[in-house]
Amino acid sequence: NPDRYGPTWEVPKGRKDGRISKAIETRQLPAPTFNISQLQQSFGQRGLSMHDLVVLSGGHTLGFAHCSSFQNRIHNFNLQKQVDPTLNPSFAASLNVICPAHNKVKNAGATMDATTTYFDNVYYKMLMQGQSLFSFDQALLTTPSSKKLVAKYASSMEEYERAFVKSIIKMSSISGNGKEVRHNCRRVR
């Protein structure tokens, strides 16, 4: 089924690429523990809206997360609660099995959603059921406007795909420290 791979779009030409890739630059990415204010600020600094934030977060439909990125939700959440009360209890219990408090398994973790190899809207459905991994994800339910968008995309794969294409094109047009427009993506002039 070709739909499982997600939407397609024409990639705009003319983006300036850098000549080198630095691991330190990935530190500018939003942390998994960010709250909604921090997320809005991070995305806003790049010219992205709350709508873009919710839509691009749906990229969490694919991938894997190590225990370290979500253990704050299942161990010592705060002084009163061991587990984040917004987590579905059975989901939290399953995460606790995978990532116990004194985890010794180096690459232990969980997939981002139940259909890990499909680009779909299951991420939003799971989010609404209290089955998201990151505090970052849960934060999308903390404002009426973002919660409304989560519900919209949970109920319509077509709406989500349309919105994703617009937001990913917008994100790809963010200019960084690029020096050249490459004629061949594999080669630096």
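Including glycine, each Cβ sits where the backbone N, Cα and C put it.
Keep in mind that TrEMBL annotations are predicted by a computer and have not been checked by a curator.
So that you can see what the record holds, here are the features copied from TrEMBL:
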BINDING   Pro30  substrate binding site
BINDING   His60  heme b binding site
BINDING   Thr61, Asp113, Thr116, Asp120  Ca(2+) binding site
DISULFID  Cys67-Cys99  disulfide bond
DOMAIN    6-189  domain 'Plant heme peroxidase family profile'
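Structure with TrEMBL features highlighted.
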| residue | record | Cβ within 10 Å |
| --- | --- | --- |
| Pro30 | substrate binding site | 16 |
| His60 | heme b binding site | 21 |
| Thr61 | Ca(2+) binding site | 25 |
| Cys67 | disulfide bond | 20 |
| Cys99 | disulfide bond | 22 |
| Asp113 | Ca(2+) binding site | 24 |
| Thr116 | Ca(2+) binding site | 13 |
| Asp120 | Ca(2+) binding site | 20 |
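Between the CA atoms of Asp113 (Ca(2+) binding site) and His60 (heme b binding site) there is a gap of 7 Å.
With respect to His60 (heme b binding site), the closest of these recorded positions in Cα terms is Thr116, chosen from Pro30, Cys99, Thr116.
Cα separation, Thr116 (Ca(2+) binding site) to Cys67 (disulfide bond), rounded: 17 Å. Cβ atoms within 8 Å of the centroid of the Cβ atoms of Thr61, Asp113, Thr116, Asp120 (the Ca(2+) site) belong to the same-chain residues His60, Leu62, Thr111, Met112, Ala114, Thr115, Thr117, Tyr118, Phe119, Val122, Tyr123, site residues excluded.
Between the alpha carbons (Cα) of the residue listed as 'substrate binding site' and Asp120 (Ca(2+) binding site) lies a span of roughly 22 Å. Over the domain 'Plant heme peroxidase family profile' (6-189) the predicted model carries a mean pLDDT of 89. You'll find the Cα of Cys99 (disulfide bond) roughly 26 Å from the Cα of Asp120 (Ca(2+) binding site). Taking the Cα atom of each, Asp120 (Ca(2+) binding site) and Cys67 (disulfide bond) are about 23 angstrom apart. Cα spacing between Cys67 (disulfide bond) and Thr61 (Ca(2+) binding site): 17 Å, rounded to the nearest whole number.
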